[in-house]
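Written below as structure tokens is the structure these notes are about.
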Amino acid sequence: HLLQFNKMIKFETRRNAIPPYAFYGCYCGWGGRGRPKDATDRCCFVHDCCYGKLAKCNTKWDFYRYSLKSGYITCGKGTWCEEQICECDRVAAECLRRSLSTYRYGYMIYPDSRCRGPSETC
């Protein structure tokens, strides 16, 4: 669920997802095209690919079980979809933490019109 993903991002990065990641680069937020702009944008690209493999799941709105303990995100038991969505979100949040040192404020609200060219394959 998007609200749960926001909590994971905040846990890992100490930042709310909105606005820092809602419109970042070419892949953070809704949709995406072109080449990822940097490591942060690549985290979002990989997250989009992860969700893309879950076409039969309601990736943005399904609630799942997870815990935030001792500095780690742990996904809990649930339906197959819930567990997979949680893993996509967990991996992305951890990726965003690893990419904090290269975060560029110039990409924070990046116009879609500047995301040109073919998208990479997942």
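Each Cβ is built from the backbone N, Cα and C atoms, and glycine gets one as well.
Of the residues Asp48, Asp62, Swiss-Prot puts just one in the Ca(2+) site with Tyr27, Gly29, Gly31: Asp48. Disulfide pairing as given by Swiss-Prot: among Cys57, Cys75, Cys95, Cys115, Cys86 connects to Cys75. Swiss-Prot names the disulfide partner of Cys44 among Cys26, Cys28, Cys57 as Cys28.
Report note: the Ca(2+) site is defined by Tyr27, Gly29, Gly31, Asp48, and the residues of the same chain whose CB lies within 8 Å of the CB centroid of those residues, excluding them, are Cys26, Cys28, Trp30, Gly32, Cys44, Phe45. Cα of Gly29 (Ca(2+) binding site) to Cα of Cys57 (disulfide bond): a span of 18 Å. Put simply, Cys122 (disulfide bond) is 9 Å from Asp48 (Ca(2+) binding site) when counted between their Cα atoms. Secondary structure at Cys28 (disulfide bond), taken from DSSP and collapsed to helix, strand or coil, is coil. Following the DSSP three-state reduction, the secondary structure of Cys122 (disulfide bond) is coil.
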